[in-house]
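See below for the structure under consideration.
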């Protein structure tokens, strides 16, 4: 028994050693760069999935293993850990710091709750819809980074309101103060003590009627943690995080500028097939918007059912009065909003800078009209979303927020300096450096796959697909890119597969759009892991989720996404591009008909 207790204590250490040793024959036996990179990929993916090591520590493994195997020099690997994404993140975190410092997020959050209500189902749908809309015009990363603080504030206000209502109700039913309901809050309202009260419904009564049993169980909150009063509060936090992450990705599908994968595809396609002239902002929106809308609604239903259950009768009841608890929660939220007082100068400036940032992002290169980036035509592609983010981010360190005064010996109060909207110390406290390393590790791993030739090896293995029916080829390619993009960055995945799938479509005499469109859309379906894409990493940094939570929820969303894309490519997208006919703008490599 003592031996097994040691195994239990050192299970993570043993798992790391076991994984490294079990996979080691792959590079030793094959002795190729492709096998060595595959070994690195499998080790890193296993540690990311199991969290045997901290995620950021695992993300540093490519910087060790790729140079060690001679795949990439250390300097080149290191450069992958800081890219344009990180500059964008820095600028957006400046905005998020100012929003939270001056409580603008709380004002927006409370106002939104007052408008939508405290029902978690409708609240999450409202957040998913607004996040998806923003993601259509802004980068997915920027959208998730800006909306998540607001969602976090909303959830915390609802949890606090429900706790206050329950405490009030228990005091009323017991006739005196129930000391088991005393809550020890910290200054920011998130930390509570390790004790919670758990109410059980009386048989024959429904909790929705506002009738609460006087039977109270006090138990250790070991399974929930010190940040949550109840298990429902923890689950609500998880649900809101996943809704923001997934909707920011789904919304990006609808426009060419919505995600980097869409832009990479459009650039590659127009370069390879310059005579097509069939892809533009309008045509992309026409075929992708219905797919994104269906995926968004089905994902909302899936997440509701998975975390909170999906009660149609309760959600769509009309004409019925609100429960006592719902009314009390709404009243508490209203009082909290009134405590904020009138909007302040600092909040107005932060809001103006936010709007300016959004407008500059949207107008940089909207696609249907020339954007302001055309003013720098001599340097195409130099100005990106990160340029805008850094410009606005610097203003937060420059614009005065309040004057700093001192009292002279004569008793006169004079100003000697001013304080900006945010300081560097405040920025550092908000900047998720661990997430920056996490995403950098994904970039490094993707570069290693390309440098080692692993991506080309995978492409060669796809050549037998030519004998299969076209719909099956589409399904296989969609599933492959969806799987690979979980451990590699989305841009890297689409960059690797486009040169593979285009010749495949030409060889079997199939319209290239018939294969490339679903593969491009499915490249964005990176929902399983925190490192799969930046929005996942951003919401994961708030500490509410575990990797297994994202895997369970993301698997269902992945299945929904692939199924809807397959439905679209076989129905409404076909007549738009005449997909069943081999086009004249594509190379005539054979005279075979489409399978």
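Each residue, glycine too, has its Cβ placed from N, Cα and C.
Given the structure is predicted, the values throughout are model-derived calculations rather than measurements.
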Query: Which one of these stretches, 216-238, 285-307, 308-330, shows up in TrEMBL as transmembrane segment?
result: 285-307
Statement: Per the Cβ filter (under 8 Å) with a sequence gap of at least 6 from its ends, the transmembrane segment (343-362) is approached by 91, 95, 98-99, 102-104, 107, 134, 137-139, 142, 146, 372, 385, 388-389, 391-392, 395-396, 399, 401-402, 421
Message: Should anything in the same chain at least six residues away from the transmembrane segment (239-265) have a Cβ under 8 Å from its Cβ atoms, list it; otherwise answer none.
response: 120, 124, 127-129, 131-137, 139-140, 143-144, 147-148, 151-152, 154-155, 279-281, 284-285, 288-289, 291-292, 295-296, 299-300, 303-304, 307-308, 365-367, 490-491, 493-495, 498, 516, 520-521, 523-527, 533, 535-536, 538-540, 542, 544-545, 549-550, 553-554, 557, 561
Selection from 12-30, 81-99, 285-307, 513-532, 553-574, the stretch that has most Cβ pairs under 8 A to the transmembrane segment (119-138): 285-307
Message: Contact between the transmembrane segment (382-399) and the transmembrane segment (470-501) is defined here as three or more C-beta pairs under 8 Å separated by at least 6 residues; is that satisfied?
response: no
Candidate ranges 12-30, 81-99, 285-307 - greatest C-beta contact count to the transmembrane segment (42-69) (under 8 angstroms): 12-30
